[in-house]
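Some features that Swiss-Prot has for this protein:
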ACT_SITE  S164  active site, proton donor
ACT_SITE  Y178  active site, proton donor
ACT_SITE  K182  active site, lowers pKa of active site Tyr
BINDING   I41, N114, R147, Y178, K182, I211, T213  NADP(+) binding site
Amino acid sequence: MPGVTSQSAGSKYDAIPGPLGLASASLMGKVALVTGAGRGIGREMAMELGRRGAKVIVNYANSAETAEEVVQAIKKSGSDAASIKANVSDVDQIVKMFGEAKQIWGRLDIVCSNSGVVSFGHVKDVTPEEFDRVFAINTRGQFFVAREAYKHLEVGGRLILMGSITGQAKGVPKHAVYSGSKGTIETFVRCMAIDFGDKKITVNAVAPGGIKTDMYRDVCREYIPNGGELDDEGVDEFAAGWSPMHRVGLPIDIARVVCFLASQDGEWINGKVLGIDGAACM
């Protein structure tokens with residue numbers, strides 16, 4: 001029977017948490033905050049969370065117009081949404097964002113840390129300024145988003161960080177700074193899963209690979225030998241060949257996994273980094 005409450009096996013340590021038989025896709029009654037949600041993967045995360053019933057706070061750093069488009073689309077899908085401007089490279093802005101987010105609906109159940117920047121360059125050419133730019137958002141920013149998430153999430157909440165398959169791959173030329181900034185997230189996840197345990201909050205990360213966003217073709221050319229010589233169709237064909245499924249990943253592929261981790265079904269997944277690349281990096 002849907003909604004049946006689980007029965008304890010006799011100890012508080014072996015009771016199945018939550019009701020049984022609920023629609024696994026549902027996030028009704030939850031409130032989510034997604035950073036960098038005005039475009040790309042973050043946009044689709046916010047949209048899919050809304051489609052599954054969550055109220056969504058759309059964070060953006062620059063374009064209020066694109067963030068408002070996401071807000072309106074979520075409302076059109078039948079849920080509710082609001083937007084907050086904050087640059088996650090600035091810790092003061094992160095703190096302010098969480099304070100404002102908590103005031104909107106009085107609670108916070110899910111935090112998706114998505115904001116990030118990409119960078120390419122041979123080690124010999126990397127400047128301190130470029131190193132700091134990338135790590136300020138991809139690594140330091142995610143750390144302090146996580147810190148504030150711990151303070152503001154409800155007991156039993158979910159924190160989902162953004163890694164990259166390049167943090168797991170054997171090595172990508174001219175990509176040390178970006179890959180390093182994402183590889184660090186994997187260590188954060190393992191340690192934070194322990195620290196967050198006293199509030200029953202799970203901490204996981206997704207590590208996408210080859211996702212077709214608005215920046216996809218330009219970025220893909222950097223991964224492809226002589227990629228600058230390929231037209232758009234050639235880029236698509238080459239990138240599709242990375243996966244035995246012979247297609248590229250889409251933002252919805254990431255969003256669905258994020259929603260699973262945010263749901264009741266994902267409760268016993270903790271301290272893990274899930275590679276989402278169609279087996280491109282086996």
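Backbone N, Cα and C define each Cβ position, glycine as well.
Note that the structure is a prediction, hence the values are computed from the model and not measured.
When Cβ neighbours within 10 Å are tallied across all protein chains shown, the highest count among the recorded positions R147, K182 belongs to K182. Rounded to a whole number, the distance between the Cα atoms of S164 (active site, proton donor) and N114 (NADP(+) binding site) is 11 Å. In the three-state DSSP scheme, S164 (active site, proton donor) is classed as coil. Over all protein chains present, the Cβ of I41 (NADP(+) binding site) has 26 other Cβ atoms lying within 10 Å. Across the structure, S164 (active site, proton donor) and R147 (NADP(+) binding site) are spaced 21 Å apart at their Cα atoms. Cβ neighbour density within 10 Å is lowest for T213 among the recorded positions N114, S164, T213. Comparing I211 (NADP(+) binding site) with Y178 (active site, proton donor), their Cα atoms are 16 Å apart once rounded. Taken residue by residue with DSSP, T213 (NADP(+) binding site) is part of neither helix nor strand, so it is coil. Cα-Cα distance from the residue listed as 'active site, lowers pKa of active site Tyr' to I41 (NADP(+) binding site): 16 Å (rounded to the nearest whole number).
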